[in-house]
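K.L.:
Pulled the feature table from TrEMBL, pasting it below:
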type: ACT_SITE; residues: ASP204; note: active site, proton donor
type: BINDING; residues: HIS4, GLU179, MET180, GLU181, SER203, ASP204; note: purine D-ribonucleoside binding site
type: BINDING; residues: GLY20, ARG24, ARG43, ARG87, VAL88, GLY89, THR90; note: phosphate binding site
type: DOMAIN; residues: 16-227; note: domain 'Nucleoside phosphorylase'
type: SITE; residues: ARG217; note: site 'Important for catalytic activity'
Amino acid sequence: MSVHIGAKQGEIAETILLPGDPLRAKYIAETFLEDAVCYNQVRNMLGYTGTYKGQRVSVQGTGMGVPSISIYIHELMAEYGVQNLIRVGTCGAIQEDIKVRDVIIAMSSSTDSQVNRLRFNQIDYAPTADFELLHQAYQAAVGRGLSVKVGNVFTSDTFYQESLDLYKKLASYQVLAVEMETTALYTLAAQFKRKALSILTVSDHILTGEATSAEERQTTFNTMIEVALEAATRK
Ligand SMILES: O=P(O)(O)O[C@H]1O[C@H](CO)[C@@H](O)[C@H]1O
Ligand SMILES: O=c1cc[nH]c(=O)[nH]1
(Lines of atoms letter the chains of each structure in order from A and count residues from 1; the text may use other names and numbers.)
(Lines give C-alpha, C1' and ligand atoms only; values in the text may rest on other atoms or scores of the structure.)
(Ligands and ions follow the chains in the order given, each with its own letter.)
Protein backbone atom coordinates (compact mmCIF):
# COMPACT_ATOMS: atom_id res chain seq x y z
CA MET A 1 0.00 0.00 0.00
CA SER A 2 0.96 3.65 -0.29
CA VAL A 3 0.79 6.09 2.63
CA HIS A 4 -2.89 6.96 2.11
CA ILE A 5 -4.21 4.19 -0.18
CA GLY A 6 -4.56 0.62 1.07
CA ALA A 7 -4.56 -1.13 -2.33
CA LYS A 8 -2.14 -3.85 -3.39
CA GLN A 9 -0.23 -3.46 -6.66
CA GLY A 10 -2.51 -4.26 -9.60
CA GLU A 11 -5.73 -3.52 -7.74
CA ILE A 12 -6.19 -0.05 -9.30
CA ALA A 13 -7.00 0.36 -13.01
CA GLU A 14 -5.02 2.59 -15.39
CA THR A 15 -8.14 4.73 -15.85
CA ILE A 16 -9.74 6.35 -12.82
CA LEU A 17 -12.66 8.66 -12.02
CA LEU A 18 -12.08 11.15 -9.20
CA PRO A 19 -15.04 12.63 -7.29
CA GLY A 20 -14.29 14.81 -4.27
CA ASP A 21 -16.84 13.00 -2.12
CA PRO A 22 -15.89 9.41 -1.20
CA LEU A 23 -19.58 8.46 -0.95
CA ARG A 24 -19.92 9.58 -4.57
CA ALA A 25 -17.13 7.11 -5.39
CA LYS A 26 -19.22 4.37 -3.72
CA TYR A 27 -22.32 5.48 -5.62
CA ILE A 28 -20.46 5.46 -8.97
CA ALA A 29 -19.00 2.02 -8.30
CA GLU A 30 -22.37 0.55 -7.29
CA THR A 31 -24.35 2.25 -10.09
CA PHE A 32 -22.06 2.20 -13.11
CA LEU A 33 -19.36 -0.47 -12.64
CA GLU A 34 -19.70 -4.23 -12.85
CA ASP A 35 -18.05 -6.49 -10.26
CA ALA A 36 -16.78 -3.48 -8.31
CA VAL A 37 -14.45 -4.27 -5.41
CA CYS A 38 -13.48 -1.76 -2.72
CA TYR A 39 -9.65 -1.43 -2.54
CA ASN A 40 -9.38 1.48 -0.09
CA GLN A 41 -10.97 2.41 3.21
CA VAL A 42 -8.05 4.33 4.72
CA ARG A 43 -9.50 7.57 6.22
CA ASN A 44 -12.83 6.47 4.65
CA MET A 45 -11.54 7.84 1.33
CA LEU A 46 -13.22 5.05 -0.56
CA GLY A 47 -11.76 3.59 -3.77
CA TYR A 48 -13.18 0.84 -6.03
CA THR A 49 -12.19 -1.05 -9.15
CA GLY A 50 -14.65 -2.72 -11.54
CA THR A 51 -15.42 -2.80 -15.24
CA TYR A 52 -17.39 -0.53 -17.56
CA LYS A 53 -18.40 -2.09 -20.90
CA GLY A 54 -15.71 -4.70 -20.33
CA GLN A 55 -12.88 -2.27 -19.54
CA ARG A 56 -11.25 -1.95 -16.12
CA VAL A 57 -12.02 1.35 -14.42
CA SER A 58 -11.40 2.59 -10.87
CA VAL A 59 -13.06 5.36 -8.91
CA GLN A 60 -11.39 7.13 -5.98
CA GLY A 61 -12.61 9.87 -3.63
CA THR A 62 -10.10 12.73 -3.38
CA GLY A 63 -11.46 14.93 -0.58
CA MET A 64 -11.83 18.69 -0.97
CA GLY A 65 -9.16 21.14 -2.05
CA VAL A 66 -5.70 21.17 -3.62
CA PRO A 67 -3.75 19.56 -0.74
CA SER A 68 -6.13 16.61 -0.44
CA ILE A 69 -6.44 15.73 -4.14
CA SER A 70 -2.68 16.24 -4.56
CA ILE A 71 -1.94 13.49 -2.05
CA TYR A 72 -4.27 10.97 -3.71
CA ILE A 73 -3.32 11.61 -7.33
CA HIS A 74 0.39 11.69 -6.51
CA GLU A 75 0.13 8.21 -4.95
CA LEU A 76 -2.16 6.93 -7.74
CA MET A 77 0.39 7.93 -10.40
CA ALA A 78 3.67 7.36 -8.55
CA GLU A 79 2.77 4.12 -6.74
CA TYR A 80 -0.01 2.54 -8.80
CA GLY A 81 0.81 3.60 -12.36
CA VAL A 82 -2.54 5.28 -13.06
CA GLN A 83 -2.50 6.81 -16.57
CA ASN A 84 -5.86 8.50 -17.22
CA LEU A 85 -7.44 10.63 -14.49
CA ILE A 86 -10.88 12.21 -14.83
CA ARG A 87 -12.26 14.38 -12.06
CA VAL A 88 -16.05 14.25 -11.79
CA GLY A 89 -16.93 17.13 -9.51
CA THR A 90 -19.34 19.93 -8.74
CA CYS A 91 -18.79 23.65 -9.25
CA GLY A 92 -20.39 27.04 -8.76
CA ALA A 93 -21.14 28.93 -12.00
CA ILE A 94 -20.16 32.58 -12.43
CA GLN A 95 -21.39 33.23 -16.00
CA GLU A 96 -24.95 34.45 -16.63
CA ASP A 97 -25.54 32.00 -19.49
CA ILE A 98 -24.51 29.01 -17.39
CA LYS A 99 -27.30 27.44 -15.35
CA VAL A 100 -27.45 24.90 -12.57
CA ARG A 101 -27.29 21.32 -13.90
CA ASP A 102 -25.14 22.39 -16.89
CA VAL A 103 -21.97 20.39 -17.44
CA ILE A 104 -18.61 22.16 -17.73
CA ILE A 105 -15.42 20.70 -19.16
CA ALA A 106 -12.36 22.49 -17.80
CA MET A 107 -9.94 23.27 -20.63
CA SER A 108 -7.66 25.14 -18.23
CA SER A 109 -7.68 26.40 -14.67
CA SER A 110 -6.72 29.59 -12.89
CA THR A 111 -6.12 29.57 -9.14
CA ASP A 112 -5.48 31.49 -5.96
CA SER A 113 -3.51 28.53 -4.60
CA GLN A 114 0.19 29.25 -4.10
CA VAL A 115 1.32 25.69 -4.87
CA ASN A 116 2.35 26.40 -8.45
CA ARG A 117 4.04 29.69 -7.59
CA LEU A 118 6.15 27.67 -5.14
CA ARG A 119 6.72 24.86 -7.64
CA PHE A 120 7.71 27.17 -10.51
CA ASN A 121 9.72 29.81 -8.66
CA GLN A 122 6.94 32.45 -8.78
CA ILE A 123 6.04 32.20 -12.48
CA ASP A 124 2.43 31.59 -13.58
CA TYR A 125 2.15 28.04 -14.96
CA ALA A 126 -1.06 27.39 -16.98
CA PRO A 127 -2.62 24.05 -15.92
CA THR A 128 -4.26 22.54 -19.02
CA ALA A 129 -6.46 19.52 -19.78
CA ASP A 130 -5.32 16.61 -21.93
CA PHE A 131 -6.67 17.45 -25.39
CA GLU A 132 -7.57 13.88 -26.37
CA LEU A 133 -9.63 13.28 -23.21
CA LEU A 134 -11.23 16.71 -23.57
CA HIS A 135 -12.15 16.03 -27.20
CA GLN A 136 -13.61 12.62 -26.35
CA ALA A 137 -15.63 14.01 -23.45
CA TYR A 138 -16.94 16.89 -25.56
CA GLN A 139 -18.05 14.51 -28.29
CA ALA A 140 -19.70 12.20 -25.75
CA ALA A 141 -21.54 15.16 -24.18
CA VAL A 142 -22.72 16.64 -27.46
CA GLY A 143 -23.79 13.18 -28.62
CA ARG A 144 -26.13 13.07 -25.63
CA GLY A 145 -27.60 16.47 -26.38
CA LEU A 146 -26.08 17.90 -23.20
CA SER A 147 -25.72 21.61 -22.56
CA VAL A 148 -21.94 21.55 -22.18
CA LYS A 149 -19.53 24.49 -21.83
CA VAL A 150 -15.76 24.24 -22.29
CA GLY A 151 -13.33 26.79 -20.89
CA ASN A 152 -11.29 28.14 -18.00
CA VAL A 153 -12.35 27.39 -14.41
CA PHE A 154 -11.12 28.89 -11.15
CA THR A 155 -9.62 26.54 -8.55
CA SER A 156 -10.07 28.24 -5.20
CA ASP A 157 -8.52 27.49 -1.83
CA THR A 158 -11.66 28.84 -0.16
CA PHE A 159 -15.30 27.81 -0.43
CA TYR A 160 -16.73 30.80 1.47
CA GLN A 161 -15.90 34.32 0.33
CA GLU A 162 -16.32 37.69 2.08
CA SER A 163 -16.83 39.45 -1.26
CA LEU A 164 -17.81 38.39 -4.78
CA ASP A 165 -15.67 41.09 -6.46
CA LEU A 166 -12.95 38.69 -7.59
CA TYR A 167 -15.49 36.25 -9.06
CA LYS A 168 -17.18 39.08 -10.98
CA LYS A 169 -13.83 40.10 -12.41
CA LEU A 170 -12.93 36.50 -13.32
CA ALA A 171 -16.33 36.19 -15.01
CA SER A 172 -15.56 39.26 -17.11
CA TYR A 173 -12.39 37.45 -18.25
CA GLN A 174 -14.52 34.46 -19.37
CA VAL A 175 -13.84 32.14 -16.43
CA LEU A 176 -16.85 29.81 -16.30
CA ALA A 177 -17.05 28.46 -12.76
CA VAL A 178 -15.37 27.93 -9.41
CA GLU A 179 -14.26 24.66 -7.82
CA MET A 180 -11.34 23.53 -5.66
CA GLU A 181 -9.11 20.86 -7.29
CA THR A 182 -8.50 21.14 -11.05
CA THR A 183 -5.26 23.15 -10.90
CA ALA A 184 -3.62 20.40 -8.85
CA LEU A 185 -4.94 17.63 -11.11
CA TYR A 186 -3.65 19.20 -14.33
CA THR A 187 -0.29 20.21 -12.91
CA LEU A 188 0.54 16.87 -11.30
CA ALA A 189 -0.67 14.92 -14.34
CA ALA A 190 1.72 16.99 -16.47
CA GLN A 191 4.56 16.31 -14.02
CA PHE A 192 3.96 12.55 -14.30
CA LYS A 193 3.24 12.71 -18.08
CA ARG A 194 -0.28 11.35 -17.61
CA LYS A 195 -3.66 12.40 -19.08
CA ALA A 196 -6.14 14.39 -17.00
CA LEU A 197 -9.51 16.07 -17.38
CA SER A 198 -12.04 17.75 -15.08
CA ILE A 199 -15.73 17.42 -15.85
CA LEU A 200 -17.98 19.41 -13.53
CA THR A 201 -21.71 19.62 -12.87
CA VAL A 202 -22.96 23.08 -11.89
CA SER A 203 -24.48 22.61 -8.43
CA ASP A 204 -25.15 26.29 -7.74
CA HIS A 205 -24.78 29.74 -9.26
CA ILE A 206 -22.48 31.87 -7.14
CA LEU A 207 -23.69 35.24 -8.47
CA THR A 208 -27.46 34.59 -8.71
CA GLY A 209 -27.80 32.22 -5.74
CA GLU A 210 -29.61 29.61 -7.88
CA ALA A 211 -29.15 26.12 -6.43
CA THR A 212 -30.12 22.56 -7.33
CA SER A 213 -32.13 20.11 -5.28
CA ALA A 214 -30.38 16.90 -4.29
CA GLU A 215 -32.58 14.98 -6.76
CA GLU A 216 -31.71 17.30 -9.65
CA ARG A 217 -28.02 17.07 -8.83
CA GLN A 218 -28.25 13.29 -8.92
CA THR A 219 -29.81 13.19 -12.40
CA THR A 220 -27.28 15.57 -13.94
CA PHE A 221 -24.55 13.85 -12.06
CA ASN A 222 -25.47 10.49 -13.64
CA THR A 223 -25.19 12.04 -17.11
CA MET A 224 -21.79 13.52 -16.28
CA ILE A 225 -20.53 10.12 -15.07
CA GLU A 226 -21.67 8.47 -18.29
CA VAL A 227 -19.84 11.15 -20.30
CA ALA A 228 -16.69 10.62 -18.21
CA LEU A 229 -16.84 6.84 -18.57
CA GLU A 230 -17.44 7.07 -22.30
CA ALA A 231 -14.52 9.52 -22.73
CA ALA A 232 -12.27 7.33 -20.57
CA THR A 233 -13.00 4.09 -22.37
CA ARG A 234 -13.25 5.26 -26.02
CA LYS A 235 -10.62 3.64 -28.18
O1 LIG B 1 -18.09 17.95 -5.60
P2 LIG B 1 -16.60 17.96 -5.42
O3 LIG B 1 -15.91 17.02 -6.37
O4 LIG B 1 -16.15 17.72 -3.99
O5 LIG B 1 -16.11 19.43 -5.84
C6 LIG B 1 -16.54 20.65 -5.26
O7 LIG B 1 -17.27 20.51 -4.04
C8 LIG B 1 -16.42 20.77 -2.90
C9 LIG B 1 -16.97 21.97 -2.15
O10 LIG B 1 -18.24 21.72 -1.71
C11 LIG B 1 -15.03 21.04 -3.46
O12 LIG B 1 -14.29 19.85 -3.44
C13 LIG B 1 -15.35 21.52 -4.86
O14 LIG B 1 -14.31 21.41 -5.80
O1 LIG C 1 -16.14 24.80 -4.97
C2 LIG C 1 -17.34 24.97 -5.17
C3 LIG C 1 -18.18 23.91 -5.60
C4 LIG C 1 -19.50 24.15 -5.81
N5 LIG C 1 -19.99 25.41 -5.58
C6 LIG C 1 -19.19 26.40 -5.17
O7 LIG C 1 -19.66 27.51 -4.96
N8 LIG C 1 -17.89 26.17 -4.97
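Glycine is no exception: its Cβ is also placed from the backbone N, Cα and C atoms.
Those TrEMBL annotations? Automatic predictions, nothing curated.
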K.L.:
GLU179, GLU181, ASP204: which of these recorded positions has the highest Cβ count within 10 Å of its own Cβ?
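P.N.:
Checking each of GLU179, GLU181, ASP204, the winner is GLU181.
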K.L.:
List every residue in the same chain as SER203 (purine D-ribonucleoside binding site), at least 6 positions away in sequence, whose Cβ is under 8 Å from its Cβ.
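P.N.:
For SER203 (purine D-ribonucleoside binding site), the qualifying residues are THR90, CYS91, GLY92, VAL100, ALA211, THR212, ARG217.
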K.L.:
Recorded positions GLY20, ARG43, ASP204: which have a Cα within 10 Å of HIS4 (purine D-ribonucleoside binding site)?
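P.N.:
Correct set: ARG43.
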K.L.:
Give me the CA-CA distance between ARG43 (phosphate binding site) and MET180 (purine D-ribonucleoside binding site), in Å, as a whole number.
P.N.:
20
K.L.:
So if I take the recorded positions (ARG87, VAL88, GLU179, ARG217) and measure from each Cβ to the nearest atom of ligand 1, which come out below 6 Å?
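P.N.:
Checked recorded positions vs ligand 1; flagged GLU179.
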K.L.:
So what sits near VAL88 (phosphate binding site) in its own chain, CB-to-CB under 8 Å and at least six residues off in sequence?
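P.N.:
Correct list: LEU17, LEU18, PRO19, ARG24, ILE28, ILE199, LEU200, PHE221, MET224, ILE225, ALA228.
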K.L.:
Compare the Cα of ARG87 (phosphate binding site) against each of the recorded positions GLU179, GLU181, ASP204 and report the nearest.
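P.N.:
Nearest candidate: GLU181.
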K.L.:
HIS4 (purine D-ribonucleoside binding site) has how many other Cβ neighbours within 10 Å of its own Cβ?
P.N.:
17
K.L.:
Same-chain residues six or more away whose CB lies under 8 A from the CB of MET180 (purine D-ribonucleoside binding site)?
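P.N.:
For MET180 (purine D-ribonucleoside binding site), the qualifying residues are GLY20, MET64, GLY65, VAL66, THR155, SER156, ASP157, PHE159.
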K.L.:
Of HIS4, THR90, MET180, ARG217, which recorded positions come close to ligand 2, meaning Cβ under 6 Å from one of its atoms?
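P.N.:
Those recorded positions that pass the cut-off, since their Cβ is under 6 Å from ligand 2, are THR90, MET180.
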K.L.:
Only counting partners 6 or more residues apart, tell me which same-chain residues put their Cβ under 8 Å from the Cβ of GLY89 (phosphate binding site).
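P.N.:
In sequence order, the residues whose Cβ lies under 8 Å from that of GLY89 (phosphate binding site) (at least 6 apart) are LEU18, PRO19, GLY20, GLU179, GLU181, THR182, SER198, ILE199, LEU200, THR201.
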K.L.:
Within the domain 'Nucleoside phosphorylase' (16-227), what mean pLDDT does the predicted structure show?
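P.N.:
95, rounded to a whole number.
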K.L.:
Any idea what DSSP makes of GLU181 (purine D-ribonucleoside binding site), helix, strand or coil?
P.N.:
coil
